[in-house]
Amino acid sequence: MLSLCICGTAITSQYLAEKYRVNCPMFQSFLNYCMLFLIYTTMLAFRSGSDNLLGILRRKWWKYILLGLADVEANYLIVKAYQYTTLTSVQLLDCFGIPVLMALSWFILHARYRVIHFVAVFVCLLGVGTMVGADILAGRKDGSGSDVLIGDILVLLGASLYSVSNVSEEYIVKNLSRLEFLGMLGLFGTIISGIQLLIVEHKDVASIHWNWKIALLLLAFALCMFCLYSFMPLVIKVTSATSVNLGILTADLYSLFFGLFLFGYKFSVLYILSFTIIMMGFVLYCSTPTRTAEPGESSSVPPVTTIGIDNLGLKLEESGFPEPSLPPCSWGAGTCRGTSRGRAAAKAEAWSWSRHCSSVRIQKEHRTMYPK
């Protein structure tokens, strides 16, 4: 479903660019953020309690500004890269976001992977390589840009920002709520993309020769993006951002399959092979769930136990030493009764008192056996 939504955005964007000479990626993203704002930000504003729009803005406004900035610029940089580099480079370098996403999930979300997960990611990337090879053998138009190095850098930056956005999305939908994520992203995404639209694309938008076909294609693009943003948190909540990104690697292949009929692409058996390889890697990744590290898992300090105290008490009892009486608790009688801190303190003082009594007893016996 998510791959089909991305496929819809790719097809509508290609129609707009090739047939109607409309190339305004920020304006297209602005329409999507406006729809998120109208639906989810409005719902968040009417939510009752401290988790409504105003309450969230008072507590975490700066965090969502950074999230909105990362998401807006990720969309813009990836589309902008097509003007400088080749389609092959974009397809390959866009996969850079997956290892970045896994690294961020490891450190921020404390996700822990098994060997099978790394093998699955390698299989998926192998499928992407097969897809790019199919493009080259089929003689698909590569759309070479003016400066490949700049384009490649833009792709890497965009993929990294996508990873930041996806990790933030996973944390919010699993620990807070989907409505909060979409509502705040709609608010700040609309503001940031609107400002950037006025700065960098106002001339491009003004030069569009409007007709109902262009308006329909822009609306279709916005609806596909809106569905993608609405459904992705639902999938991430039950899986993970990494597995979702592996699954949507098939979006390019769906675009290729539709392109066979819409844009006259040449068919290659390697397209089927690459689709099969990516799906195998995706299934392999999902076959074994990841786990979340416990808070103190990485600590090498052994846990404190009472085994030593218990053994000391047994040795004192076997040796015939009188059981030491518990000294007065330094935190007061009320604290020592009924609280874990008091019980722990009592054990500690009992242990100290036992060692003191043992030392005194040994000294007395020594003076008896060896009088001065």
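Yeah, the Cβs are placed from backbone N, Cα and C, and that goes for glycine too.
Just so you know, TrEMBL annotations are computer predictions that nobody has curated.
Going by TrEMBL, these are the annotated features:
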| type | residues | note |
| --- | --- | --- |
| TRANSMEM | 30-49 | transmembrane segment |
| TRANSMEM | 90-109 | transmembrane segment |
| TRANSMEM | 116-137 | transmembrane segment |
| TRANSMEM | 149-167 | transmembrane segment |
| TRANSMEM | 179-200 | transmembrane segment |
| TRANSMEM | 212-232 | transmembrane segment |
| TRANSMEM | 244-263 | transmembrane segment |
| TRANSMEM | 269-286 | transmembrane segment |
| Contact between the transmembrane segment (149-167) and the transmembrane segment (30-49) (3 or more Cβ pairs under 8 Å, separation 6+) | no
| query | So, do the transmembrane segment (179-200) and the transmembrane segment (269-286) meet, by the test of 3 or more Cβ pairs under 8 Å (sequence gap 6 or more)? | reply | no
| query | Are the transmembrane segment (269-286) and the transmembrane segment (116-137) near each other by the rule of at least 3 C-beta pairs under 8 angstroms (pairs 6 or more apart)? | reply | yes
| note | Quick tally over 30-49, 90-109, 244-263, 269-286 of CB pairs under 8 Å to the transmembrane segment (212-232) gives the top stretch as 30-49
